[in-house]
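Participant: So Swiss-Prot lists these for the protein:
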COMPBIAS  19-31  compositional bias 'Polar residues'
CARBOHYD  260  N-linked glycosylation site
CARBOHYD  264  N-linked glycosylation site
CARBOHYD  276  N-linked glycosylation site
MOD_RES   49  phosphoserine
REGION    1-34  region 'Disordered'
TOPO_DOM  1-104  topological domain 'Extracellular'
TOPO_DOM  126-151  topological domain 'Cytoplasmic'
TOPO_DOM  173-195  topological domain 'Extracellular'
TOPO_DOM  217-220  topological domain 'Cytoplasmic'
TOPO_DOM  242-332  topological domain 'Extracellular'
TOPO_DOM  354-369  topological domain 'Cytoplasmic'
TOPO_DOM  391-411  topological domain 'Extracellular'
TOPO_DOM  433-453  topological domain 'Cytoplasmic'
TOPO_DOM  498-514  topological domain 'Cytoplasmic'
TOPO_DOM  536-547  topological domain 'Extracellular'
């Protein structure tokens with residue numbers, strides 16, 4: 001018997017697709033369950049495989065205790081909501097302001113609400129399919145629906161999503177660790193030293209911290225890291241809201257061509273500190289002055305609107321500081337993939353469901369409603385206030401945008417440190433299921449081997465580092481993974497599994513028609529987004545010096 005598989009699930013009619021009937025009421029033959037569990041081929045699997053099968057939410061309990069799906073869940077409603085919220089929240093929140101800048105406020109809100117609602121509907125389909133299909137494992141549902149191709153499709157989608165998450169975390173290390181070091185050393189700008197090079201730093205962190213943690217057989221700190229990561233993101237959103245009211249618009253002395261602060265190597269650099277309500281920090285802009293002229297401006301240009309503090313604002317500043325409500329450009333194509341990437345939690349829904357106390361589909365759907373709604377509010381706040389801080393100059397990784405405004409700021413430094421610690425500790429957690437899936441696929445029924453354990457981890461980390469070093473910006477990770485694997489996990493696979501496995505509803509029923517429309521919508525989203533992103537790569541090639 002496969003673990004977490006519902007061998008004896010009845011398929012009695014269930015008129016309410018979110019029925020409150022507990023899934024465990026459907027079991028028969030419970031007297032043989034302990035014997036079946038002990039005879040399971042998975043009973044002797046290594047601890048890492050046990051953790052993967054439940055995605056880390058079952059702690060240190062033996063797999064045999066969970067081999068049958070009739071076991072009662074022990075996780076409270078509140079903790080299940082917290083676990084799912086943490087599964088949703090990730091690095092995608094850092095790219096939402098960029099998405100808003102390239103869609104406009106109103107269009108972004110419409111898209112955000114749409115993706116959130118579709119994610120909830122996807123969870124509904126997944127929970128219904130899990131009961132009818134008799135399994136709480138995503139890959140197993142794929143195998144039951146479409147055989148080996150379905151299993152491989154689910155495996156590839158989940159693995160790609162995890163690799164994308166790993167890469168985005170390493171990108172954050174690449175972006176933010178140099179800024180933290182620069183702040184601690186009191187440097188006003190990146191001097192180009194090796195210890196300020198993000199490519200070197202991400203390699204050092206990967207080899208010195210991430211790889212050793214990935215070699216552990218169990219990740220006992222998982223629970224602590226989950227809570228810490230979510231707390232970091234709440235702190236991040238709070239600081240983004242607070243800083244919006246400190247950053248002036250337009251930003252002083254911006255170069256008219258590229259929107260960056262102008263530096264002139266032939267002129268001395270002076271620091272302008274604008275008034276700030278914070279007692280511990282100021283908003284610092286690096287300015288060049290020659291005879292009190294702003295950087296890069298000649299005598300004729302100085303005739304422009306120069307303020308008494310020597311800071312010149314752009315002539316078109318008022319227009320640049322007006323929020324846009326509808327925007328369409330080549331980068332708008334990244335919006336839906338970024339949102340899809342931010343809302344993916346579906347591989348974690350089933351393990352959390354399996355551990356929910358007094359579980360039922362209705363109760364798990366309520367958990368999903370609360371978690372996704374809470375993340376929706378956080379995403380909207382982060383995107384809106386991040387966008388209103390920088391408008392069109394916002395970057396694809398929001399934290400990095402503050403680097404051109406602040407040379408040093410205590411609150412931002414704390415956010416950067418917290419986020420860096422969180423993502424560094426999260427990378428090994430994401431790596432574990434990737435490695436276990438690869439081992440299960442390539443070396444089925446083989447005993448645990450430290451050589452495979454180490455070698456596969458090293459290869460995965462090496463490939464992700466190469467990806468992070470070669471790919472110029474995190475938006476390509478958000479865009480490609482969001483358009484491919486995230487769309488598969490949210491739209492295509494749940495709908496396809498539902499159409500194939502739920503037999504009691506006729507093909508022309510409203511439920512099946514809705515699932516079919518959902519499937520077609522997902523395919524259109526994936527193909528359209530991928531096509532637009534590829535066109536953007538062709539006609540707007542990335543700047544190799546980006547970041």
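Even glycines carry a Cβ here, placed using N, Cα and C.
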Participant: For the topological domain 'Extracellular' (173-195), jot down how many residues DSSP puts in helix, in strand and in coil.
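Facilitator: Reading the DSSP string over the topological domain 'Extracellular' (173-195) gives 15 helix, 0 strand, 8 coil.
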Participant: Count up the helix, strand and coil residues in the topological domain 'Cytoplasmic' (126-151) according to DSSP, in that order.
Facilitator: 22 helix, 1 strand, 3 coil
Participant: Run through the topological domain 'Cytoplasmic' (354-369) and tell me, per DSSP, how many residues are helix, strand and coil.
Facilitator: 10 helix, 1 strand, 5 coil
Participant: Is it possible to list how many residues within the topological domain 'Cytoplasmic' (433-453) are helical, extended or coil according to DSSP?
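Facilitator: The topological domain 'Cytoplasmic' (433-453) comes out at 14 helix, 0 strand, 7 coil.
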Participant: Do you know the DSSP helix, strand and coil residue counts for the topological domain 'Cytoplasmic' (498-514)?
Facilitator: 9 helix, 0 strand, 8 coil
